[in-house]
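K.L.:
Below are the structure tokens for one structure; questions will follow.
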């Protein structure tokens, strides 16, 4: 049985939803909605998940989200909710523009900024914001929370067109992958820690995405074996890569690690235009949705 589908955060371009499963377990979920052009979208979700962030929405628009719980490939239960995205942001703290050329750049690739209008609560402190991976179209970030936890986080940046973007993140998360970026472009990412709906602390980092040709795809021939000198360690073995869900615009994949852990994974493929894409994945993950 599916519990209530509720909204945990709303921005002009994204919505975060959560739900419960009071009885039994589902193999997987599917979230369905119509985009701003009225086209149906379906987002496959792992059966162990209880929340999801839906990016790429339009400001000031009403959406109806349907969550289906699946068992054995069949829809067993459904919940839905209506959400109106926020107006175009006039955020209380905008990500600042790039520093003028006559100012000295920071000595490191990260720097802490103290919020100007809000004093931080005691023991709620954000640790260093670091880069875990960079591709031409995405950036992986991770951070720590040395003291007491935050209720949630918000990652803010400006896209290639200069439009502000805000990505809500669950308070238990310590990493995020930002997709949909442009190659060879410099971005400034601001991570805010929130408690009681207020921004308590902030850190930022400047990152340049990789050039388009940097990701190297393996041979298109699946029979090609890697050189013996590059064989993985004996105790780190990937299991079978399987398809968990397919829609017209996405694929869900899952895998196992029968022996030993990996630090991280990279999923590589070519898009509809034949351009190489590389998606960095955390080392503890065992599933991914390719949108």
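Using N, Cα and C of the backbone, Cβ positions are placed for all residues, glycine too.
Automated prediction, rather than curation, is the source of TrEMBL annotations.
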K.L.:
For the region 'Disordered' entry in TrEMBL, name the matching range from 17-50, 51-84, 85-118.
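P.N.:
When 17-50, 51-84, 85-118 are checked in TrEMBL, region 'Disordered' belongs to 85-118.
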K.L.:
In TrEMBL, which of 187-210, 211-234, 235-258 is tagged region 'Disordered'?
P.N.:
211-234
K.L.:
List the helix, strand and coil residue totals of the domain 'Fibronectin type-III' (125-215) as derived from DSSP.
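P.N.:
Counting residues per DSSP class in the domain 'Fibronectin type-III' (125-215), I get 0 helix, 48 strand, 43 coil.
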K.L.:
Let's see if you can do this one: DSSP helix, strand and coil counts over the domain 'Fibronectin type-III' (1-91), in that order.
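P.N.:
Split by secondary structure, the domain 'Fibronectin type-III' (1-91) comes out as 0 helix, 48 strand, 43 coil.
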